[in-house]
């Protein structure tokens, strides 16, 4: 009798994706983040579902419903903080996953890479709308500031903003629709993840050397399943340490004050994972220019396959490109720090220089260094 695992229409798909999948024998721990992102998504959907059972998306009761979850619901505090800090873990894994793709040249898989960038946008949109839901001061003002950026779009801007708000300011209609979108988007993300994997399995995984590994494959199970389980345990350990010891470490104290349209917080800033983009937005004095730079700071990832000038795929054997890559990482840390600082000297100029450096490295320096390395190797 043939194995049901290999014949059953549904189980067969799972088998080809997670069990009998031929995988390169040398993929490192940097390849763990795909599975970790899957676990993060599952954690977020499950905790979010239980939060939605007790949350009310009305301006009068939203804040107190979150308080009710934390105080009166069995383990409600745990679910709420797992969801809030789960988002932070999600973004840590996302940034490392994208960074791995950039370092090892995984972006040469066009479809997989582009769907990954779309996924990044979708996750950022979901996180932004989720941050609005507790209806604290930073929720309200964050929503006001970020949605207002759309008014920079010529001709249709103002109409578009009022259409998104459902009125003339961020109010009940805005909160209700943000809750609806925040609920549906993770399921759209799950569908996109499946397409992401579909395209990945068309080509097979990349590996640290960037060389074709068809002659040296091993089965995904048991080798990489056990490796993924180790990663998952470490992820859960990190998440639960954060949740149980310092759940508010990454949050903003202003969000423990109920939303008040008449009182603006002294420093409006998003969650830490948006600060690098926020710093780029603020570094341009022009509103439309800032919005364009903000969008391009993520959209530029789609240009990497076009800007790849090296004859080698990975940066593993390219020390000059490696050096530039780590300068780019340091620059992103600088932008993240600047995004959380007030708009005053010297932070303004540091932010502007870091923003210029970010785009210059990606568009000019990395391709130029790649061409230089080709010359050094007489290619």
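Here the Cβ of each residue, glycine as well, is placed from N, Cα and C on the backbone.
Marked as heme b b562 binding site by Swiss-Prot: 83, 182. Per Swiss-Prot, heme b b566 binding site is recorded for 97, 196, and the stated evidence type is similarity to another entry. Summarising the annotation, Swiss-Prot assigns ubiquinone binding site to 201. According to Swiss-Prot, the feature transmembrane segment maps to 33-53, 77-98, 113-133, 178-198, 226-246, 288-308, 320-340, 347-367.
A map of Swiss-Prot features onto the structure.
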residue	record	DSSP (3 states)
83	heme b b562 binding site	helix
97	heme b b566 binding site	helix
182	heme b b562 binding site	helix
196	heme b b566 binding site	helix
201	ubiquinone binding site	helix
Study note, to complete from the structure: Here the Cα-Cα span from the residue listed as 'ubiquinone binding site' to residue 97 (heme b b566 binding site), rounded to a whole number of angstrom, reaches 17
Review point. Quick one: do the transmembrane segment (33-53) and the transmembrane segment (320-340) reach 3+ CB pairs under 8 Å, ignoring pairs fewer than 6 apart in sequence?
Key: no
Point to revise | Per Cβ pairs under 8 Å, the stretch of 178-198, 226-246, 320-340, 347-367 packing most closely against the transmembrane segment (77-98) | key: 226-246
Point to revise | Least surrounded among the binding-site residues, given as 97, 196, 201, when other CB atoms within 10 Å are counted | key: 201
Check your understanding: Is the transmembrane segment (320-340) packed against any residues at least 6 beyond its ends, judged by a Cβ distance under 8 Å, and which are they?
Key -> 99, 102-103, 269-270, 272, 274-280, 282, 310, 347, 350-351, 354-355, 357-358, 361-362, 365-366, 369-370, 372-373
Check your understanding: Should the transmembrane segment (288-308) and the transmembrane segment (178-198) be scored as in contact, given a threshold of at least 3 Cβ pairs under 8 Å and pairs 6 or more apart?
Key -> no
Practice item. Measure from the CA atom of residue 97 (heme b b566 binding site) to the CA atom of residue 83 (heme b b562 binding site) and give the result in Å, rounded to a whole number. Key: 20
Study note, to complete from the structure: Cα of residue 182 (heme b b562 binding site) to Cα of residue 97 (heme b b566 binding site), in Å and rounded, measures 23
